[in-house]
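Visitor: Below are the features I grabbed from Swiss-Prot:
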ACT_SITE  Glu207  active site
ACT_SITE  Cys241  active site
BINDING   Gly185, Asn186, Thr187, Ala188, Val189, Gly190  NAD(+) binding site
MOD_RES   Ser293  phosphoserine
MOTIF     481-484  motif 'Prevents secretion from ER'
TOPO_DOM  1-463  topological domain 'Cytoplasmic'
Amino acid sequence: MERQVQRLRQTFRSGRSRPLRFRLQQLEALRRMVQEREKDILAAIAADLSKSELNAYSHEVITILGEIDFMLGNLPELASARPAKKNLLTMMDEAYVQPEPLGVVLIIGAWNYPFVLTLQPLVGAIAAGNAAIVKPSELSENTAKILAELLPQYLDQDLYMIVNGGVEETTELLRQRFDHILYTGNTAVGKIVMEAAAKHLTPVTLELGGKSPCYIDRDCDLDVACRRITWGKYMNCGQTCIAPDYILCEASSQDQIVQKIKDTVKDFYGENVKASPDYERIINLRHFKRIKSLLEGQKIAFGGETDEATRYIAPTILTDVDPNSKVMQEEIFGPILPIVSVKNVEEAINFINDREKPLALYIFSHNNKLIKRVIDETSSGGVTGNDVIMHFTVNSLPFGGVGASGMGAYHGKYSFDTFSHQRPCLLKGLKGESVNKLRYPPNSESKVSWSKFFLLKQFNKGRLQLLLLVCLVAVAAVIVKDQL
């Protein structure tokens, strides 16, 4: 593994990945891969998650194509140097911020959306000019296999490589020195990744999870709210890191919410949910048993049926849930939706704040002031008002967690920034030494006074202002020279 990382690092140091034209070519090649091998990719995703090809395309492939298109359209601007404001002491110099690639980065993908959560960070790494090792999740073995087959056919093999395997391979990867690590997965493994990265002072982006609350105000269109919640909760059989984990509502609304979600489940998946091509399955038996155990001792208002042979768990609603019960102590990551009663929005806010900061927060209300109040008085990775999941689809918004739900962010511009170093550059001339004497020993009260004048004044590039400042600096330089 060390030799493979070193091979990528040597290629990176050669400068091959830095030219803008090369980055665009690699992104175009990645887009060709997705388009030309779409059927193979969809078949792999479907095999891993019992997902229809239509759902695989809409849940994963379309997002990757959108991310690539964004980078192709915006990369010239993102990669350009940005001028920086200057003070009087540097007004005649060139000051700018130049994004530069970090080097060799490691991307560890997740199994629940094995295509998009593995390749979307890679789009940002390529755009920023890095070399990258991609480690797909071994739990989504079919998608991991197709990625290992396809990526070397389309991308530069000396800069981008796939490493497949389980815990042993991941552990060996984490022993290597990288310039950035982006990990998507659970908190326990996130801590392992961060500990390994700390040995090399490697920065990390951790996309973790948590219990994303969904508050439903009584002043709300329950038909719309429950339809959107049903879609976001049971999509991918609940195996979505930003799925609404539980509902907070007033007790008077609980029965209506249960009934409307039940009706919506039938609209979406039919009378026989198990036979619906749009309803997925739990990834493996271990996760199936964990999720099923969360039903023990709970009041099941709807659903609850399970089939171990096919790893099927029906869309399920729990009511009168004890906040201290097991189902409220861990991220569910499955099709179980607890409802917890609160007296009002104040109690809902306190309930949220008494727990770890979630990856997402959802608020449904006709009252925008109430929505913004909940936003202002809580903390979460992201927020969507009057819908769920959808902030993930807006690549002009950063996607990431806070606190226990993660650190750092990506998507669109934020992916480019995550995999870049914003390098400050100041280019000075060799003239103007009379002013520069202000910083040379010996020091004096006069020098300090003039330094404050030069260093604490900012200026913009208006022509008249620039002309006046040039004259001012020239006069000041003469005065300083005489005084020193």
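Backbone N, Cα and C define each Cβ position, glycine as well.
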Visitor: May I have the list of same-chain residues other than Gly185, Asn186, Thr187, Ala188, Val189, Gly190 whose Cβ is within 8 Å of the Cβ centroid of the recorded NAD(+) site, in sequence order?
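Guide: Leaving out the recorded residues gives Tyr183, Lys191, Ile192, Val193, Leu208, Gly209.
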Visitor: Just counting, how many other CB atoms are there within 10 A of the CB of Asn186 (NAD(+) binding site)?
Guide: 16
Visitor: Could you check which of these recorded positions, Gly185, Thr187, Ala188, Val189, Gly190, Glu207, sit within 10 Å of Cys241 (active site), going Cα to Cα?
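Guide: Hits: Gly185, Glu207.
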Visitor: Under a criterion of Cβ-Cβ distance under 8 Å and sequence separation of at least 6, what residues of the same chain contact Gly185 (NAD(+) binding site)?
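Guide: The answer is Ile108, Ala110, Ser137, Glu207, Leu208.
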Visitor: Neighbour count, 10 Å Cβ-Cβ cut-off, for Ala188 (NAD(+) binding site): what number do you get?
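Guide: Other Cβ atoms found within 10 Å: 8.
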Visitor: List the Cα distance (Å, whole number) between Val189 (NAD(+) binding site) and the residue listed as 'phosphoserine'.
Guide: 22
Visitor: Count the Cβ atoms, other than its own, that fall within 10 Å of the Cβ of the residue listed as 'phosphoserine', considering every protein chain shown.
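Guide: Excluding its own Cβ, the number within 10 Å is 10.
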Visitor: Quick check for the class: what is the C-alpha distance, in angstrom and rounded, between Asn186 (NAD(+) binding site) and Ser293 (phosphoserine)?
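Guide: Taking the Cα atoms only, Asn186 (NAD(+) binding site) lies 19 Å from Ser293 (phosphoserine).
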Visitor: Per residue, counting other C-beta atoms within 10 angstroms of the C-beta, which of the recorded positions Val189, Cys241 reaches the highest number?
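Guide: Max Cβ neighbours within 10 Å, all protein chains included: Cys241.
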